[in-house]
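Now, the feature entries from Swiss-Prot:
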| type | residues | note |
| --- | --- | --- |
| TRANSIT | 1-34 | transit peptide |
| DOMAIN | 102-131 | domain '4Fe-4S ferredoxin-type 1' |
| BINDING | Cys111, Cys114, Cys117, Cys160 | [4Fe-4S] cluster 1 binding site |
| BINDING | Cys121, Cys150, Cys153, Cys156 | [4Fe-4S] cluster 2 binding site |
| DOMAIN | 141-170 | domain '4Fe-4S ferredoxin-type 2' |
Amino acid sequence: MRCLTTPMLLRALAQAARAGPPCGRSLHSSAVAATYKYVNMQEPEMDMKSVTDRAARTLLLTELFRGLGMTLSYLFREPATINYPFEKGPLSPRFRGEHALRRYPSGEERCIACKLCEAICPAQAITIEAEPRADGSRRTTRYDIDMTKCIYCGFCQEACPVDAIVEGPNFEFSTETHEELLYNKEKLLNNGDKWEAEIAANIQADYLYR
């Protein structure tokens, strides 16, 4: 590397200042870049075998056919996807899907009209009306959920002291009209009757963490 004396360096700096920085880079940065040492930079081998191999890969498209071969090999492997809706993957016991109201084995409704679910719902999607029973307890006369407001946070299920309102395993409940997503008490109880066995098993599997 050529050694620059002080007068030569000053002259070079003056010429660079008059001509402006080359390609937008200062003389100092160019001088620093010239001292960079590239680590692990490999020069291509120029012997006959290496040159022949590179020419063969280029002319015969060996890399292309190797990639195509790898793609074709996946036709004979087990697929990583499933054929939905004919096949469905497993669901977690904590999955939060369509809502349901549960009953006791005797058929009596679990809900005690405490309205904790209505109070805790951040989306204000639950509306409850209740009346007293002859024995002094309370029963719901109206239990509505606006499913278009629900954010499926699961707070209603966590707040319920008797596991009455739950989010079931069903996630396929799309509708053609808005009105069909306004669930009333009868709809929620029917959901609970339909999925009671699965809901009870999921709650039992998760009881240690509740």
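Residue numbering: from 1, along the chain as shown.
Note: Cβ is positioned from N, Cα and C throughout, glycine not excepted.
According to DSSP, Cys121 ([4Fe-4S] cluster 2 binding site) is assigned to coil rather than to any helix or strand.
Considering only the binding-site residues Cys114, Cys117, Cys156, Cys160, the Cβ with the fewest other Cβ atoms within 10 Å is that of Cys114. Per DSSP, the secondary structure of the domain '4Fe-4S ferredoxin-type 2' (141-170) breaks down as 5 helix, 9 strand, 16 coil.
Excluding Cys111, Cys114, Cys117, Cys160 themselves, the residues of that chain whose CB lies within 8 A of the CB mean position for the [4Fe-4S] cluster 1 site are, in sequence, Ile112, Ala113, Lys115, Leu116, Glu118, Ile128, Cys156, Ala159, Pro161, Val162, Ala164, Ile165. Long-range contacts of the domain '4Fe-4S ferredoxin-type 2' (141-170) within the same chain: residues 91, 95-102, 109-112, 114, 116-117, 119-131, 178, 181-185, 188, 191-192, 195, 198-199, 202-203, 210, each at least 6 residues beyond the stretch ends and with a Cβ under 8 Å from a Cβ of the stretch. Among the binding-site residues Cys111, Cys114, Cys117, the ones whose Cα sits within 10 Å of the Cα of Cys156 ([4Fe-4S] cluster 2 binding site) are Cys117, in sequence order. If you average pLDDT over the domain '4Fe-4S ferredoxin-type 2' (141-170) in this model, you get 96.
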